Each structure stands twice: as C-alpha cells, then as structure tokens.
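The domain 'Core-binding (CB)' feature in Swiss-Prot is assigned to 1-72; the stated evidence is sequence analysis. According to Swiss-Prot, the feature domain 'Tyr recombinase' maps to 85-248. Feature annotation from Swiss-Prot assigns active site to 149, 213. Per Swiss-Prot, the feature active site, O-(3'-phospho-DNA)-tyrosine intermediate maps to 245.
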C-alpha cells in the first residue's frame, strides 16, 4: 500500500509543504494499518491518534480518508472504508484501555535512547525511575536477566531475546548506569524528553510512560498472569491498583 502514496500525492495539486505533511501522515498510516485494510486495523489507527490535538487529528483523518478513497477508485480496495471522528476502539468494562500494535516501536530510529526507554517499559513494565536506576552490573545479557534493586526490594526480571540487541547497543562505554553521562544518571526531565520525542516520531504523540506501562499490564493479563503474579512482577506492595484490570 505504501507504493501508492507517491502516485496519490502526485494526483493532487498540493504545495511542497502540504506534500510533506501528506507523505508523513500516510507513511505513519500505512505503517500501522499494513497492506491489508480492515475495520480492526482502522480502529487501531484511530486509537493511535486519539490523544492528538483536535486540529492534528482532523488533518490525519482527512488525509487518510482521501487516500482510502483513492485506493478504492483505483480498485486496490474492493470496499470503501472511511474513518470518522466518532470511531472508537472497542473496550470492555474491565479494561479501560486497548492493546496497541507495538511493532513500530522495534523498528530502526534515530531516537535510540527514547526507543530503549519505551521498550523497557513495554517489555518489563518498569517505571521511569526504575529505568533510570538500571545499573550495568545488574544486566546479564548472556543469561538474559535484569536484577532490579529499588527501595521496595530486589526483583529479577527475564529479558526477551528481542530486547537484547537494543541493550547491547546502549551498554557500550557505560560505567555505572545504563543511561548516564560519565557515571552520573540522567535527570527525570531527560527521560521525559527523550521518550516524548520517540513516541511522537512513530505517530504515538501523547503516549506517556504510564500508558506504556499499562500496555505491559494488559498484555501480561492476556497471557494468563494472575493478579498476584503480575503484582510481584511489577514490584507492587499490594495488587489493589491492578484490580480494575481483573474485574469481571
């Protein structure tokens, strides 16, 4: 579907700036939707722009709808799809957020620090302060384990194979912390800025560390983890804050 972006843009009388905006929006759209358009994927895209400003959301919806109509006209699509402002991702009463497609988080990017921060939250359910406190000595990539030491205690967390290359890249030259400058950990604002820049670059502007952590919770629950097991993984004193995800 990406191959039709340029012919579509060429078919419209657009200024150079407008062409760049259309191209940027459509590349993100195609990245999330993929090659086969269906209602579920469109809802996924709708969810990804839900936290944008009203003007940005309207622009992206308009661009995507024009592109969808173009694809229908040239018979790439057998059915005509249209995104609307009122479309919402289906949610259950017990789950107040939808699981998003995170494939794009693992793709090559110039914003490698923000990417690794987001992946550590998505993969391990860490808080920003826990990410900031990761020490080089407590990362064992051979055995794929992270020993996390906090005021609440010590947790040993498994590292997925997909996470290892991202960690290897950032460990080079580090003295004490995974995220540091000459042995001094970066500030809380530094983490916030780098995470914000990365998620914005992949079309998830407004996706906070808290929302990323919620994605971890939803996926672990879906994988069959009990509320007690998940509470232990997250290092919580009690599972009370997780109850809303487990209510029937």
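Any Cβ shown, glycine's included, is placed from N, Cα and C.
Sequence features annotated in Swiss-Prot and their locations in the structure.
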{"residue": "149", "record": "active site", "DSSP class": "strand"}
{"residue": "213", "record": "active site", "DSSP class": "helix"}
{"residue": "245", "record": "active site, O-(3'-phospho-DNA)-tyrosine intermediate", "DSSP class": "helix"}
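In this view, residue 245 (active site, O-(3'-phospho-DNA)-tyrosine intermediate) is surrounded by 19 other Cβ atoms within 10 Å of its Cβ, with every protein chain counted. Rounded to the nearest whole angstrom, the C-alpha distance between residue 213 (active site) and residue 245 (active site, O-(3'-phospho-DNA)-tyrosine intermediate) is 13. DSSP states for the domain 'Core-binding (CB)' (1-72), grouped as helix (H, G, I), strand (E, B) and coil, give 56 helix, 0 strand, 16 coil. Comparing the active-site residues 149, 213 by how many other C-beta atoms lie within 10 angstroms of each C-beta, the top residue is 213. For the domain 'Tyr recombinase' (85-248), the model gives a mean pLDDT of 88. In this structure, the C-alpha atom of residue 245 (active site, O-(3'-phospho-DNA)-tyrosine intermediate) lies 27 angstrom from that of residue 149 (active site).
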